[in-house]
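Visitor: Positions annotated as topological domain 'Cytoplasmic' by Swiss-Prot: 1-34, 75-84, 124-189. Positions annotated as transmembrane segment by Swiss-Prot: 35-51, 54-74, 85-103, 106-123.
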Amino acid sequence: MSAAMRQRFDQFLHQKNCMTDLLAKTEAKTGVNRSFIALGVIGLLALYLVFGYGASLLCNLIGFGYPAYVSIKAIESPNKEDDTQWLTYWVVYGVFSIVEFFSDLFLSWFPFYYMLKCGFLLWCMAPSPANGADLLYKRIIRPFFLKHESQVDNVVNDLKDKAKETADTISKEARKAAVSLLGEEKKST
């Protein structure tokens, strides 16, 4: 690790939160530097993501659990900058999930897939202004969306209209069936 990266990693490990509190307690009880403890845990997680049973679940919990928690905290905070950061993450996460759905059948056979996926998601949620989500959104998703926005709006509006028509039709048919059923019950009594 370069000196600058090591310093940023060490600063991150000394921020005040529940994980660093746990690291501090572990460091105090064992006498082992929290950097080594964190790197050991990261190494074990990486090995588990390669060889462990349920690696998909663990990867999805990491990619969903922490971001969901900090998204709720962002919503409740008066600062709107963090809202934008996590909305950007969720847009990238959604696009990634759609792409992954179609490629998962092939990618899941790749031995390092879940470790790489987890690394990708951690890069997207990294606590820096130019994290992966921000980069992917600004360079790929936003330009694509702006180029095709009117077409996407048309498709969404058409789908919304068709869904409303279908819901209205189902509702009318359900009412007719209920009236018919009630009418038959009255005749039989």
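Glycine too: its Cβ is placed from the backbone N, Cα and C atoms.
In terms of burial and nearby residues, how do these features look in this structure?
Guide: For the topological domain 'Cytoplasmic' (1-34), the residues of the chain that approach it from at least six positions outside its boundaries are 127, judged by C-beta separation under 8 angstroms.
Counting residues 6+ beyond its ends, the topological domain 'Cytoplasmic' (75-84) has no Cβ neighbours under 8 Å in the same chain.
Beyond its flanks by at least six residues, the transmembrane segment (85-103) meets 63-64, 67, 70-71, 74, 117, 120-121, 124-125, 131-134, 136-137, 141 of its own chain at Cβ-Cβ distances under 8 Å.
Listed as Cβ neighbours of the transmembrane segment (106-123) (distance under 8 Å, sequence separation of 6 or more from its ends, same chain) are residues 45-46, 49-50, 55-56, 58-59, 62-63, 93, 96, 100, 131-132.
Across the topological domain 'Cytoplasmic' (124-189), mean pLDDT in this model comes to 88.
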Visitor: Mind checking which residues of the chain, 6+ beyond the ends of the transmembrane segment (35-51), have their Cβ under 8 Å from one of its Cβ atoms?
Guide: 6, 9-10, 13, 23, 26-27, 58-59, 111-112, 114-115, 118
